[in-house]
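These come from Swiss-Prot:
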type: REGION; residues: 1-54; note: region 'Disordered'
type: COMPBIAS; residues: 1-19; note: compositional bias 'Low complexity'
type: REGION; residues: 74-150; note: region 'Disordered'
type: COMPBIAS; residues: 74-86; note: compositional bias 'Low complexity'
type: REPEAT; residues: 210-231; note: repeat 'LRR 3'
type: REPEAT; residues: 233-254; note: repeat 'LRR 4'
type: REPEAT; residues: 279-300; note: repeat 'LRR 6'
type: REPEAT; residues: 325-346; note: repeat 'LRR 8'
type: REPEAT; residues: 348-370; note: repeat 'LRR 9'
type: REPEAT; residues: 489-510; note: repeat 'LRR 15'
type: REGION; residues: 661-683; note: region 'Disordered'
type: COMPBIAS; residues: 672-683; note: compositional bias 'Low complexity'
Amino acid sequence: MNLCSSGATASTTSLSSTGQAERSGGVPGGGAEGGGGGGGSGNSGGGGKTSDVSAEASTLCFAGGSGTAGAITGTDELSNANSPANGAGGASGSTGSAQQPTGSNGHSHLHNENNANMPPETRPKMVTVKHPESNKPKPTTKKSKPIQADQDVIKALQRCRDEGIKRLDLSKSSITVIPSTVKECVHLTELYLYSNKIGQLPPEIGCLVSLRNLALNENSLTSLPESLQNCSQLKVLDLRHNKLAEIPSVIYRLRSLTTLYLRFNRITAVADDLRQLVNLTMLSLRENKIRELGSAIGALVNLTTLDVSHNHLEHLPEDIGNCVNLSALDLQHNELLDIPDSIGNLKSLVRLGMRYNRLSSVPATLKNCKSMDEFNVEGNGITQLPDGMLASLSGLTTITLSRNQFASYPTGGPAQFTNVYSINLEHNRIDKIPYGIFSRAKGLTKLNMKENMLTALPLDIGTWVNMVELNLATNALQKLPDDIMNLQNLEILILSNNMLKKIPNTIGNLRRLRILDLEENRIEVLPHEIGLLHELQRLILQTNQITMLPRSIGHLGNLTHLSVSENNLQFLPEEIGSLESLENLYINQNPGLEKLPFELALCQNLKYLNIDKCPLSTIPPEIQAGGPSLVLQWLKMHSPYRQIDCYYQYELQTVNQAPGAGGNGGGGAAAAGGSASRSSDRR
């Protein structure tokens, strides 16, 4: 029996208001990931623009149920560069009504006229809605319950058949079944069914021989019908986020495919028949359970993007070297023990993801991949790189070697960092930064050496003049060299968890510094020059041995976060009241801190104040428990400045009540001005 024969003609009742939407200026959506049509009339979502029932390209966008149809768009989390543009749909209310009165469920005005002949008890209730753009009341029917999605699909398919629509979007519509009448939509070139509840496709899907794009992502598919092989023009097939335990065999017979998404399924193996898909340029097998990638991958010589990340691969076949057009190869989050030497054949490679595997080395042939701009092997067990490899990759701008077993910098000298602006060597076993290693790295702005074994910094640190972010946390540094003053472009300096006892006075030269983190060191005194860091926003000093803050701290007008908890503070300077931008203040666990300065109440932007485990004898416990606002209010109420203000208020009242006194307005302004002036002087 021919599944694609027309058979009996189905009912041609169409969604009239949606049809009107297409004839009244809908804008067609575009792209393989799908979007809705333009704004339609009434409350029903508009489809793409058509010219009545013509042979031109047309679109039907369906949003499921009655009521206003929202925009329907598709997303591609894998590769925006390889995904077609998304369309967009819309809906309008009163605009469509002005052109042709419609009901909220898409029926024409003729149906509303028929309601007049209905018995009163069955007649739809009429309500009046006043639209903001018009004072004239407009009648509309009370919204009924949404029509079953599967019933609306039948109507949409009928219209698709009758109008020769080429692009049909039924996404996000709670569809469970695609009816067999889909076979009649022979003009379709794009069909979007993503984000539904479809468990299987009907065999009649194979009748859509003109289909080029088929989006089935985010459903519950476990298989595909064999008849799909009749769709011999299919180029884009999206099966992401389904329940496929294997790649359906029919896919291997779709030799016209150029883009195949199989991400986030339950696939455990890839058959040798994969070699038949010679036209593939993009293949995503990300987030499955694949343990082996066979030699068939080498037959896909047109591949430009291959994503097999987040699987269980232990090895790659040597045949991967045949995919000479690859520009992006993502292998991260697998269990790879090695990379084949043939990787060096991929001279077009720009991005190679090897993060979080079990690699102990990388092949020297990687130096042939000179188009790479990023080298990232984070989260492996690598102890050293092949000699001169990084220097050969002269286009590198970012190098990430963090979370490995490096005991020293890669061999290759200063030449390997010539064009690099970011280096990350966090969490290794490196005990020194070689002198002059960054002498050619004129563009280096970011260096992360956190969690290593550094005991000192190189004598030429003063030459790192373009450095913007320097992270030296969790090492064993005992001293910060005076030459740090030359890093005048520095904005972020992180020195937490070291063994520093003092900070050099030259720190004041870092006028662009926004973040200074000195947590968990052995610092007893801060230099007065800290007050020169006028751009500073975060100052973290917790867990040190600081007994007092310098009065110059009051000059840090941009400071929003100050943490001095777990120190030996005896008092806070009055100048802390000048920190008008301060939002968070941590002074908890200072066992000698018994009182707070009244000037703290001048920090009007303070949102968080932690005074836990401070023996504040002057502030009642119930006030302390009430949070920063209550503490600040208490400080205001008990401030000596308040007594001065009260005196002036009393004086003002006396003057205003005196016989022949001037108007209240003038006296009030003068007194308030005087009080404000004194307040300003205090600040």
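Glycine too: its Cβ is placed from the backbone N, Cα and C atoms.
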For the repeat 'LRR 15' (489-510), find every same-chain residue at least 6 residues outside the stretch whose CB is under 8 Å from a CB in it, and list them. 445, 450, 465-483, 516-533, 535, 540
How does the model score the repeat 'LRR 8' (325-346) in terms of mean pLDDT? 98
Residues of the repeat 'LRR 9' (348-370) by DSSP state, where helix covers H, G and I: 5 helix, 3 strand, 15 coil
Residue counts (helix, strand, coil, in that order) that DSSP gives for the repeat 'LRR 15' (489-510): 5 helix, 3 strand, 14 coil
